[in-house]
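These features come from TrEMBL:
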type	residues	note
BINDING	TRP31, SER65, PHE66, GLU67, CYS89, VAL90, ILE91, PHE122	5-amino-6-(D-ribitylamino)uracil binding site
BINDING	GLU94, THR95, ARG136	(2S)-2-hydroxy-3-oxobutyl phosphate binding site
ACT_SITE	HIS97	active site, proton donor
Amino acid sequence: MSSALKNLSDFTTDNLPDISDKTFAIVVSEWNTDVTHALYTGAYDTLLKYGAKEENIISAKVPGSFELSLGAQKMAQQANIDAVICLGCVIQGETRHFDFICQAVADGITNVSLKFDKPVIFGVLTPNTQEQAMDRAGGKHGNKGDEAAITAIKMLGI
Ligand SMILES: Nc1c(NC[C@H](O)[C@H](O)[C@H](O)CO)[nH]c(=O)[nH]c1=O
Ligand SMILES: CC(=O)[C@@H](O)COP(=O)(O)O
């Protein structure tokens, strides 16, 4: 279902786990930083809203979305980190580079999550245009960062 039909910031919050003692890592790509900073703010604020402590949220920047997998691994391998949220924005250009990045980071993040048996959340926008990105980073379709944070919380409840 497209984000146009289901707002990214509209989600159920029934039976969320207590996350007051949980530690979260947020790994953010520096490409399209106007978008990824908005995603970061959404994720950070959502974690606090549902009970995380500021001192238990660790943040790290990586150059681009392709590097999110390694950044996620460096966080997930730390015993004290309970969940990792990866945030990025890959905007379609003129070539197939977009396809390779998107597939690599989706596969890489999945592999890290399975390897370390921890939630590693794919909070990466893959729009065709800057406008589509902004619509999903606090615009009319909500904030992908909110969705990524609530997904991490829900996964800790399993
Ligand atoms: N074009 C975008 C990139 N490209 C950079 C790659 O992510 C990577 O850093 C580079 O290929 C070196 O390994 N990254 C994004 O996050 N968003 C883009 O639109
Ligand atoms: C997704 C990208 O890496 C993209 O910005 C590269 O643009 P292009 O495909 O026009 O080289």
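Cβ coordinates come from backbone N, Cα and C, glycine included.
Where the annotation comes from TrEMBL, it is an automatic prediction and has not been curated.
Of all Cβ atoms in the protein chains displayed, 18 besides its own lie within 10 Å of the Cβ of TRP31 (5-amino-6-(D-ribitylamino)uracil binding site). Each of the binding-site residues CYS89, ILE91 was ranked by the number of other C-beta atoms within 10 Å, and first place falls to CYS89. Checking the binding-site residues PHE66, CYS89, VAL90 against ligand 2 with a 6 Å cutoff on the Cβ atom leaves VAL90, in sequence order.
In the three-state DSSP assignment, the secondary structure recorded for SER65 (5-amino-6-(D-ribitylamino)uracil binding site) is helix.
In this structure the C-alpha atoms belonging to the residue listed as 'active site, proton donor' and TRP31 (5-amino-6-(D-ribitylamino)uracil binding site) are separated by 14 Å. Checking the binding-site residues VAL90, THR95, ARG136 against ligand 1 with a 6 Å cutoff on the Cβ atom leaves VAL90, in sequence order.
Between the C-alpha atoms of SER65 (5-amino-6-(D-ribitylamino)uracil binding site) and THR95 ((2S)-2-hydroxy-3-oxobutyl phosphate binding site), the distance comes to 17 Å.
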